[in-house]
């Protein structure tokens with residue numbers, strides 16, 4: 001689950017991390033009231049969406065007066081911001097965050113992620129922060145400095161000092177950076193985060209370090225013990241189909257192809273998408289119905305897939321381990337009849353009662369293409385998407 005910048009900065013402040021004063025508005029009429037809470041005569045105006053690349057897309061602007069702030073809010077509130085991290089539709093802008101400015105001397109980058117290879121938390125720092133950090137990550141790896149922290153012990157001061165030295169910080173600035181490092185480490189571990197990013201972390205001309213931007217992602221699997229964070233969830237930022245899938249415990253991710261995929265198991269789902277690509281097709285989605293797939297969940301999965309107008313064929317790939325393939329076959333037939341599927345459906349069943357499941361499909365009056373192997377299923381689906389079935 002992602003948080004907005006203003007929400008992340010509230011957490012930063014709670015953990016003693018240095019941020020500038022800011023306030024959120026949700027309507028143009030609120031702009032004057034919001035700016036009255038802030039000092040200075042110019043402010044940073046930032047569209048609040050769950051995506052990076054806002055600055056390059058025009059979603060961040062330094063406004064010089066109240067009139068310019070109103071104009072920015074009027075331009076963006078209720079609109080959709082498209083960045084290199086969103087799809088072509090972008091994400092809705094429902095809030096503008098206004099923040100006091102500072103005199104920037106230098107920009108750094110600092111983040112923490114879960115490193116699954118080492119089973120630790122990886123802190124990454126760079127002296128080249130700002131809007132072009134993606135290019136730095138691709139072309140200037142020597143500018144990325146890393147340190148691993150053990151989740152049992154958390155970050156240690158010497159690790160913060162080590163990163164600070166590599167960034168060229170010394171004296172009081174080294175201590176400031178170490179304090180920020182320790183605060184982020186506590187925040188990351190105590191709130192079960194999967195990502196925290198400060199870009200840029202700036203050094204002001206007055207010699208202070210400030211977290212000028214903040215990005216936080218929370219581990220969805222830990223939300224049951226963080227009701228305070230769950231309350232911050234903004235469902236308007238989610239794909240509508242993904243939000244609907246969550247209600248039925250379906251794992252759905254929208255993609256940009258035309259072959260709808262319904263699979264049980266995340267690994268099998270990824271393998272299915274790979275083989276569809278191998279045969280020249282493009283998956284329209286990732287959809288994992290889970291190990292305990294039922295008729296009802298299969299029907300809901302069909303409904304969600306078919307809300308995508310790009311879908312030309314649905315590929316159902318089920319391995320019967322926990323579930324029985326004959327029950328899945330009955331569920332597919334019932335779902336096709338209930339939902340009124342108008343596109344070709346390719347079904348591949350393997351595992352428990354697979355042969356029985358294939359017989360049920362063959363004896364039904366529903367137009368379903370049955371595959372004997374995953375390769376055949378992919379080939380049938382790709383051909384059907386091309387209109388060759």
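Please read every residue number as a count from 1 along the shown chain.
A Cβ is built for glycine as well, from the same backbone N, Cα and C atoms used for every other residue.
Pulled from Swiss-Prot:
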BINDING   46, 53, 54, 55, 99, 102, 107  ATP binding site
BINDING   199, 213  Mg(2+) binding site
BINDING   264, 321, 322, 323  substrate binding site
Give the distance between the Cα atoms of residue 322 (substrate binding site) and residue 53 (ATP binding site), rounded to the nearest whole Å. 43
Secondary-structure category, per DSSP, in which residue 107 (ATP binding site) falls: strand
Of 102, 322, 323, which of the binding-site residues has the most Cβ neighbours inside 10 Å? 323
If we take the residues 46, 53, 54, 55, 99, 102, 107 that the record assigns to ATP, their largest CA-CA distance in Å comes out at 21
Restricting to the binding-site residues 46, 53, 54, 99, 107, which ones have a CA within 10 Å of the CA of residue 199 (Mg(2+) binding site)? 107
DSSP-derived structure type at residue 321 (substrate binding site), helix or strand or else coil: coil
Can you tell me which of the binding-site residues 53, 102, 107 is spatially closest to residue 321 (substrate binding site)? Compare CA atoms only. 53
Among the binding-site residues listed as 213, 264, 323, the Cα nearest the Cα of residue 54 (ATP binding site) belongs to 213
Give me the Cα-Cα distance between residue 264 (substrate binding site) and residue 102 (ATP binding site), rounded to a whole Å. 51
